[in-house]
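Annotated features in Swiss-Prot:
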type: BINDING; residues: Lys106, Arg109, His138, Arg157; note: isopentenyl diphosphate binding site
type: BINDING; residues: Asp145, Asp151; note: Mg(2+) 1 binding site
type: BINDING; residues: Asp145, Asp151; note: Mg(2+) 2 binding site
type: BINDING; residues: Arg156, Lys245, Thr246, Gln283, Lys300, Lys310; note: dimethylallyl diphosphate binding site
type: TRANSIT; residues: 1-39; note: transit peptide
Amino acid sequence: MANTVHLSSSSLFIQTRGRKYNSILSFNNLQKRTVLSLSCALTSQGGKDMIPPKGKSNDRNFAFDFKSYMIRKAESVSMALNVSVPPQDPLAIQEAVRYSLLAGGKRVRPLLCIAACELVGGDEATAMSAACAVEMIHTSSLIHDDLPCMDDADLRRGKPTNHKVFGEHMAVLAGDALLALAFEHMTVVSSGLVAPERMIRSVTELAKAIGTKGLVAGQVSDLCSQGLNPYDVGLERLEFIHLHKTAALLEAAAVLGAIIGGGTEEEIQKLRKYGRCIGLLFQVVDDIIDVTESTEELGKTAGKDVMARKLTYPRLIGLERSREVAEKLRREAAEQLLGFDSNKVAPLVALASYIACRHN
């Protein structure tokens, strides 16, 4: 029986390297195996104990099984995503969409959305359409980010990137399709489950998180900073990039869950700050592992940020200080959870620790 969480942060890597899935049928088979691979990875690998940090929001007699929780949520999200993009005409675009959307991954953003919803009194069913919408947008951003005109990446989640399989033209359209589908899915599927005023607020939050006040702003700043002397750019600009390019969508995932779950304004704002902290934490750790892990371990090309002379935390302040920043952000995230029910908040406490300790 699992009393504490022993989760190697590399354990969520789904082994699909070296394979191409050019049909709906073959990718459906992959989808079925992904859940099994995720389960095996989480239950077979050891790692650093991830017990929620002690504090007012934690019961010392309660140990949360994060492995089982993450497996359950990943299974639920993957099944919901599979249903959301059925094979239909035109098959060419559907195959490209499904290839990236159903490629596994850690499902951190939908998990965060569901956990936030459950924390404030909602349930998984109510949060699922928003959780799927966030993952669709995240996948859209990855497809576009990997394009030759952006990061020019060959691998994503251990597989050839979307444009390597389907061509640049189809990859652009797949990303566009997912962006539109996210809002359609969230509003149509949630109809009758979420009060209209809360849905309108949720749509506004999500749109803001991915536009010129969020993800796009971060991407533009990142592109404009490439090749510059990091000391001329500075830490403030680096934080702006990461808060917008990465943290904005994670923050939105938490906020959407809290809004849809019926949270109070105080609860929504606490979870907003939590999401922002773990969002920045996610990117700081991503910067660290880009220079400390191999391509095989990452499931994507290692060292690309260095080769592109991108502005990163290790490049600006070094590895040790970057690790200190990561730990500080983990603590700040945990502080936002004080005052919530200790059992209900356990997934979010464990999630912050998982992000801080991950290797891919």
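Glycine is no exception: its Cβ is also placed from the backbone N, Cα and C atoms.
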DSSP-derived class (H/G/I helix, E/B strand, else coil) of Arg157 (isopentenyl diphosphate binding site): coil
Spatially closest candidate among Asp145, Thr246, Gln283, Lys310, the listed binding-site residues, to Arg157 (isopentenyl diphosphate binding site) (Cα to Cα): Asp145
Pairwise Cα distance for Asp151 (Mg(2+) 1 binding site)/Lys310 (dimethylallyl diphosphate binding site) [Å, integer]: 10
Spatial separation of Thr246 (dimethylallyl diphosphate binding site) from His138 (isopentenyl diphosphate binding site) - C-alpha basis, Å: 9
Asp145 (Mg(2+) 1 binding site) versus Arg156 (dimethylallyl diphosphate binding site) - Cα distance in angstrom: 10
Lys106 (isopentenyl diphosphate binding site) - helix vs strand vs coil (DSSP): coil
Rounded Cα separation (Å) that holds between Asp145 (Mg(2+) 1 binding site) and Arg109 (isopentenyl diphosphate binding site): 17
Rounded inter-Cα distance in Å - Lys106 (isopentenyl diphosphate binding site), Gln283 (dimethylallyl diphosphate binding site): 15
